[in-house]
Structures are given as C-alpha cells and as structure tokens.
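K.L.:
Sharing a structure below in structure tokens format, with a few things to ask.
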Amino acid sequence: MSYFPWLTVIVVLPISAGSSIFFVPYRGNKNKVIRWYTICICLLEILLTTYAFCYHFQSDDPLIQLEEAYKWIHIFDFHWRPGIDGLSIGPILLTGFITTLATLAARPVTRDSRLFHFLMLAMYSGQVGSFSSRDLLLFFLMWELELIPVYLLLSMWGGKKRMYSATKFILYTAGGSIFLLMGVSGMGLYGSNEPTLNFETLANQSYPLGLEIIFYFGFLIAYAVKSPIIPLHTWLPDTHGEAHYSTCMLLAGILLKMGAYGLVRINMELLPHAHSIFSPWLVIVGAIQIIYAASTSFGQRNFKKRIAYSSVSHMGFTLIGIGSITDTGLNGAILQIISHGFIGAALFFLAGTSYDRIRLVYLDEMGGIAIPMPKIFTMFSSFSMASLALPGMSGFVAELVVFFGIITSSKYLLMPKIVISFVMAIGMILTPIYSLSMLRRMFYGYKLFNVPDFYFLDSGPRELFVSICIFLPVVGIGIYPDFVLSLSVDRVEAILSNYFHK
C-alpha cells in the first residue's frame, strides 16, 4: 500500500503549476516558452499518473484504491477524499492524453497566451478531480471548476458569434449545476444529524422511493446538459461552431464524457432503485437521440456543427449501454466513452486545422480540398471511418458491445429489445451517410482555391504528430479492446451484483 498522496498531487499539480505561468521568465519568443512550459507540465502529469497507476493500482481489485481522506470543513463531515477504481482510471488517462495534445495543437494561439494555457491547465485539474472524487461536495466543486475556463476560452478565443455561444453555454451548464447542487445537498442532509457526502456512506444509505427518484432526476438533468442528452443539447453545436479547435478537443474528448461518468458513478451506484425505474427511459431517449442527431447532422451546412451533432448521436449508444443494466452493456458504454473521446477530439482538431487554411466552414462552399491537402484528407477520412464504426477501429467494438448488451438484457421483453436493436441499426446506417457526405462535399470535386503555394497549405509535422498519436489508440482499441475493458470489468460486475442482482 502506498501512503504517498498520489491523487492529490495529480489533481493539484496542473492548476498549481498553471498559476505560476504568469511568472515564467522568457527570452525571445514568449508564446513558444509558455506553450512548451504547459506541455512539460502536461507530460509530467501523465508520467506521474502512469507511474501511480502502474505500480500502485491493482486492476483486478474492484475496490477503491489510492484513496485519501483529509478533513476539509471541520463543522461538517466534509473531506478531501480522492480515490480511483476501474471506472475512473480510463477517463483520467484520456484526460491527460487529450489535454497534452490539445496544448500542442494550440500553437496558433498568440493573444493572451499565458491566460489561455492557464485556463487549459485549470480545466485539466477540474476534470481529473471530477473523475477521482469520492466525496459529493468535492465532485461538485471539481465539476464547477472547469466551467469558468471553458466560458473564458470560448468568449475570448472563439469565432464571430463567440459571446452568444459562451453565454448560451454558461446558462445551460449553470442551470444544470443548480440541480446538481440540490441533489448533493439533499443526499448529504438526509437522515443524519451530521451531514456526510462520502460515497461509501451514501452507497449504504436507503431512501424512500419517491425521494430517491427526485434525487435521481436532479442529477440526471445536470448530466443531460453536460453529456448532452436531448432536448438539453442545443448549446453544443453553437459552442463547437465558435470555439477554437483546441477547446473543441477538450469539449468533445473529455467534458462531454463527464456527464456519462456521473450517470454511472452517482446515479447507478448511489441511487440503484431509481436507476432501475429510469433505465427504460434512458434506453428510449438514447435510441431517439441516435436517429434524431444523425438526421440533424446530415442537414448541417457548417461542418463543425455536423461533427457536433455526430457527438450527440454517439452519446445515444452510451445511454443505451447504461440503461441496459448488464455487464456487457455497461462495459460497452464505458468503451464508447473512451473511444469517442479520441475520435471526437481528432475530428475537431482536423476541422480546425482545415479552417485555418481555407477559412471556410460551409460545406457548399468547399470542394476539391483533397488536391491541395492530401495529408489532411487522409487523416480526416481515417477518423471519419472510425466514427462510422469501421471494423478494426474502436467505434465498431464499442457499438457492437452495447448492441450485445441490450439484446442480452433480462430486464426488457423481446419486442422492445427488437425495436431498440432496429433503431440502433438505423443509426449505424445514418452515420456513414452524414460522414461520407461531409467527406465528399469537402474533399472531392474540382474547385480551385486561390492559394499561391499548395505545399504550405497541407498538413505540417505538428498536425501529423497529433493525428497519429490519436489514431494509434483508436486502432489499438479496435484490435484489442480488452486493454480498456480489463480496467473496468471487475468494477462493473461489483456494481451490478451489489445493486441489481441480489
């Protein structure tokens, strides 16, 4: 057993080191010094995380590990209580990987670069803190910590309509946070003279069914905004349409996954009876979301908004996996979270680098881009294939596991399972339609651009490096998905056996 506070260091390091970014001395190119300082912090964080997980984490142990507990607020029983298990280790590693690459991708940012990189590191701490929290108050504070950086990144470095998008984002997420705070307060104050928000204590707490449903619904609204789940998704296309692509990488790769993680970590683990009641509705909403978002994506002229709606559609598979209440379905949902974290981040990165070169976002104005930009065309096509679940890539395995999870669920009758499976199949057909249509309208044809030197228009070493770094795990998970599933399978079995299979 390790007594070193690994998780505290991992959570606090990015924002602490980011705070000193305003005092970093530099000579010559200020932006280059700040960018590489931030990248070094991210790399150090990844090394510490990898070391702690490799040498102090037992993957076959479903219990909470590396847990720490420090008295935080003495009046109440509130603690700084981080801890990890098989559910949280994957998202934490994903956070470090995507944040590092997003920092590397942010080289074109030159205005207020100190503040920009500090906000990215602050988001890093907030996201890792959310995934490693074992106290509801700590979870809520970390959940809120990453909202303000996103708002500032969007409002200061976004597009022409950035203020509208930033305001819409903060109104939606702040509204969801009110419901989250109400749920946290209600669970902490219920049935005890001394309030407690410890996950382990709350897991053994029983509530009247009506009250448990109220708690569940409050948390669900907060997660529905963040994930997003229809009809609370409308902030996402506007945000992705205006945000800088490094911010989009963090949104699509990490922030959207926090809602699904919270749905499993809090709603499934702490409110099992309410989840059993709500799970059919999650499956229904997930099925509708797959079709609705895929159909809406096909009608988008803005190619960044088209990718954003594809993220909403893929979230539907995660909802179905969570609602299936099976080992297979829940493991598939977790795999989909990791898989789409890579794929979504890569697509927005390539969309941003394409926009930097041609300064066009509407598909009907594009065409023939494959001729001057063959490298970007190749990478964009590869990740589009991953998004439409091409066999051999991570998206295919994740959707297939979710599919098997719902058809093997003992909770649902045969006819509902057939209908849901049919809807999922339609979604799998619609995804290639909007993905391949986007590729055709962007890259094929004979339009010519007034660019004096096509060589400089194509992808450079930075774009190739970032794309390859993301593509390798996409293919690796597609070929050997047990690399991810082995982390979560024991914890998933423990959750379902403790709460649903008694």
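For all residues, glycine too, the Cβ spot is worked out from N, Cα and C.
Feature list, courtesy of Swiss-Prot:
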{"type": "TRANSMEM", "residues": "4-24", "note": "transmembrane segment"}
{"type": "TRANSMEM", "residues": "37-57", "note": "transmembrane segment"}
{"type": "TRANSMEM", "residues": "113-131", "note": "transmembrane segment"}
{"type": "TRANSMEM", "residues": "136-156", "note": "transmembrane segment"}
{"type": "TRANSMEM", "residues": "210-230", "note": "transmembrane segment"}
{"type": "TRANSMEM", "residues": "244-264", "note": "transmembrane segment"}
{"type": "TRANSMEM", "residues": "274-294", "note": "transmembrane segment"}
{"type": "TRANSMEM", "residues": "307-327", "note": "transmembrane segment"}
{"type": "TRANSMEM", "residues": "332-352", "note": "transmembrane segment"}
{"type": "TRANSMEM", "residues": "388-408", "note": "transmembrane segment"}
{"type": "TRANSMEM", "residues": "418-438", "note": "transmembrane segment"}
{"type": "TRANSMEM", "residues": "464-484", "note": "transmembrane segment"}
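Are these features on the surface or tucked inside, and what are their neighbours?
P.N.:
If one looks beyond the transmembrane segment (210-230) by at least 6 residues along the same chain, the residues whose Cβ comes under 8 Å of a Cβ in the stretch are 143, 172-173, 175-177, 179-180, 182-183, 186-187, 190, 236, 255-256, 258-260, 262-263, 266-267, 271, 273-275, 277-278, 285, 288-289, 292-293, 312, 315, 318-319.
Using a Cβ-Cβ cut-off under 8 Å and counting only residues 6 or more beyond its ends in the same chain, the transmembrane segment (244-264) has close neighbours at 87-88, 91, 94-95, 98-99, 101-103, 105-106, 109, 120, 123, 127, 130-131, 139, 143, 146, 150, 153-154, 157-158, 219-220, 222-229, 236, 304, 307-308, 311, 315, 318-319, 322, 330, 333-334, 337, 340-342, 344-345, 347-349, 351-353, 355, 495.
Through the fold, the transmembrane segment (307-327) approaches residues 227-230, 233, 236-237, 239-241, 252, 256, 260, 263-264, 268, 275-276, 278-283, 285-290, 292-294, 296-297, 300, 333-334, 336-337, 340, 344, 347-348, 351, 387, 395, 398-399, 401-402, 405-406, 408-411, 420, 424, 427, 430-431, 434-435, 438, 489, 492-493, 496, 500 of its own chain, all at least 6 residues removed from its boundaries and within a Cβ separation under 8 Å.
Away from its own ends, the transmembrane segment (332-352) comes close to residues 87, 90-91, 94, 98, 101-102, 105, 240, 244-246, 248-254, 256-257, 260-261, 264, 303-304, 307, 310-311, 314-315, 317-322, 376, 379-380, 383-384, 386-387, 394-395, 397-405, 463, 466-467, 470-471, 473-474, 477, 481, 484-485, 488, 492 of its chain (Cβ-Cβ under 8 Å, at least six residues beyond either end).
Same-chain residues lying 6+ beyond the ends of the transmembrane segment (388-408) with a Cβ under 8 Å from its Cβ atoms: 283, 314, 317-318, 320-321, 324, 326-333, 335-336, 338-340, 342-343, 417, 420-421, 424, 428, 431-432, 435-436, 473-479, 481.
If you look at the transmembrane segment (418-438), the same-chain residues 6 or more away from its ends with a CB under 8 A from one of its CBs are 283-284, 287-288, 290-291, 294-295, 297-298, 303, 306-307, 310, 313, 316-317, 320, 363, 384, 387-389, 399, 402-403, 406-407, 412.
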K.L.:
Residues sitting near the transmembrane segment (136-156): Cβ under 8 Å, six or more positions beyond its termini, same chain?
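P.N.:
Here the qualifying positions are 11, 72, 78-82, 112, 115-116, 119-120, 122-123, 125-127, 129-130, 162-163, 165-166, 169-170, 173-174, 177, 180-181, 184, 187-188, 197, 199, 202, 222, 239, 242-244, 247, 250-251, 255, 258, 262, 266.
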